[in-house]
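Everything below concerns the one structure shown next.
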Amino acid sequence: MYEEKDPEFWRSQARSSLQSALDRQPNTNVAKNIVFFLGDGMGITTYTAARILKGQLQNQTGEETVMTMDTFPYVGLAKTYSVDFTIPDSAATATAYLCGVKTNMNIVGVSAAGRNTVCNTQSGNEVTSILKWAKDAGKSVGIVTTTRVQHATPAAAYAHSVSRSWYSDADLPDSAKTDGCTDIASQLIKNIDIDVIIGGGRKYMTPKGTQDPEYPWDYSSRGQRTDGRDLIKEWQSSKMAGKVANYVWDKTNFDAVDPETTDYLMALFEPGDLQFEEDREPSMEPSIVETTEKAIRILRKNPNGFFLLVEGGRIDQAHHDGRAYMALHETVAFDYAIEKALELTDEKETLTVVMADHSHPLTFNGFPFRGQSILGLRASENNNLLPFTTLMYGNGPGHKIVNGKRPDIRNVTTDYVQLSAAPLQSTTHSGEDVAVLARGPMAHLLQGVFEQNYVAHAMGYAACVGADLRHCQTPPASQPTTTDTNGAGTAGVSATLLGSLVSVMLTFTLLV
């Protein structure tokens, strides 16, 4: 850090940033491809803390680290509230940024006219997602997640359900079945012909009691369907003759999948959600970097392009457990997946968007010294008081006040349930705006402060999918094609100048 003591270090850095901003020109191409990264629960504090952790894992002080996300030139803020709650859940937010419509908590792919768990309010109120818009436009589409593929975020891309928790038919009440509602897993293989499906969720796809191939001894991992259907086999048999459709559940078979000869891939690596990145066994389960790469290599063969949703879903789940250590490591892995996606795509034709759906009440506090572990402790200003964690939660399982005192945590490991102010079994979400970062065609549309549902419309416009196709429609020859600083087209300017010239000539003739 010695160079930082020289004022010229900061001046030079600022000049470089300024020149980069001055040189930036919007990319107005039509987006052939969209890669949409969703960090579930990746609020601004998580983003900042993960940046520091990424640097510290590389033996840097951390604060000055540049994440891949940091290199995106266009940044906006999205308002996350749902129609019925100030602080939303992942179902309502996913419906907003994927379907372009805000809705109620616990609902996926249905407008706010739908009521939580009330099946007869679902029919007629379904809303479609940008994944479907892309598929209807002839593009290939895919979903990659670190959660179960039936979870709220991926579900909003393909399903319509007044309950995000109706993973399999076993989860539906009899009244919902009578009224015609279906489970999310069955909609996964029915509603949209999705080319790539990668995540967890095996147990929602197979008949009740079916032994899991990885955990045959574990009853909780066994199939849950009460209708006797094997959705994995149905998915495979539904594909057209001549198409290569691979189903895999382990790393060995996943690695053997050749993207160049594969048309469809379903990879379900766990009965439920995938392992946390820090707990993952590399020989059994691929990383989010590997799954993202495989998906892109399969999808990009389509000459019409593709849409890919990549969710870092376990950032959120670690936060719910009060485990900042796990949440930050999930975020670092997520950032490496973004880096891999940029390597595999061309920015001239690929719009890449990164955002969070909501935040968590994670605070970053205590005046830690520069370079101090982001997961470490901060000594109290008064030496007679106990130290506290630099990161802590507003609520959650980390509330540990006993007899009016905080516990002595000087000897705890960094994988620790962070302190929290209010006692709850699970940390809640929080309601502040979330960052939206973009690069590629029409990325400049995602600047400023906007409603979260705007994101789907901006992406759809950029790629000419969905209802608004103006971006790919060639304007008539008689219409202005360029604009001056006053908003007048060059054709209009020329006509104005010509009219003025004729008027002057006529006046001169009359005077003569």
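Every residue gets a Cβ built from N, Cα and C, even glycine.
Record features (TrEMBL):
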type	residues	note
ACT_SITE	Ser90	active site, phosphoserine intermediate
BINDING	Asp40, His151, Thr153, Glu311	Mg(2+) binding site
BINDING	Asp40, Asp316, His320, Asp357, His358, His429	Zn(2+) binding site
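This view paints the features noted in TrEMBL onto the structure.
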residue	record	Cβ within 10 Å
Asp40	Mg(2+) binding site	26
Ser90	active site, phosphoserine intermediate	26
His151	Mg(2+) binding site	29
Thr153	Mg(2+) binding site	27
Glu311	Mg(2+) binding site	29
Asp316	Zn(2+) binding site	32
His320	Zn(2+) binding site	19
Asp357	Zn(2+) binding site	31
His358	Zn(2+) binding site	27
His429	Zn(2+) binding site	21
For the Mg(2+) site built from Asp40, His151, Thr153, Glu311, further residues of that chain with CB within 8 A of the site's CB center: Leu38, Ser90, Ala94, Thr145, Thr146, Thr147, Ala152, Pro154, Gly312, Gly313, Asp316, Asp357
Would you mind sorting out which of Ser90, Asp316, His320, Asp357, His358 (the recorded positions) have a C-alpha within 10 A of the one on Asp40 (Mg(2+) binding site)? Ser90, Asp316, Asp357, His358
Cα distance (Å, whole number) from His151 (Mg(2+) binding site) to Asp357 (Zn(2+) binding site): 14
CA pair His151 (Mg(2+) binding site) / the residue listed as 'active site, phosphoserine intermediate', Å rounded to integer, equals 9
Could you state the CA-to-CA distance between His429 (Zn(2+) binding site) and Ser90 (active site, phosphoserine intermediate) to the nearest Å? 9
Listed binding-site residues Glu311, His320, His358, filtered to Cα within 10 Å of the residue listed as 'active site, phosphoserine intermediate': His358
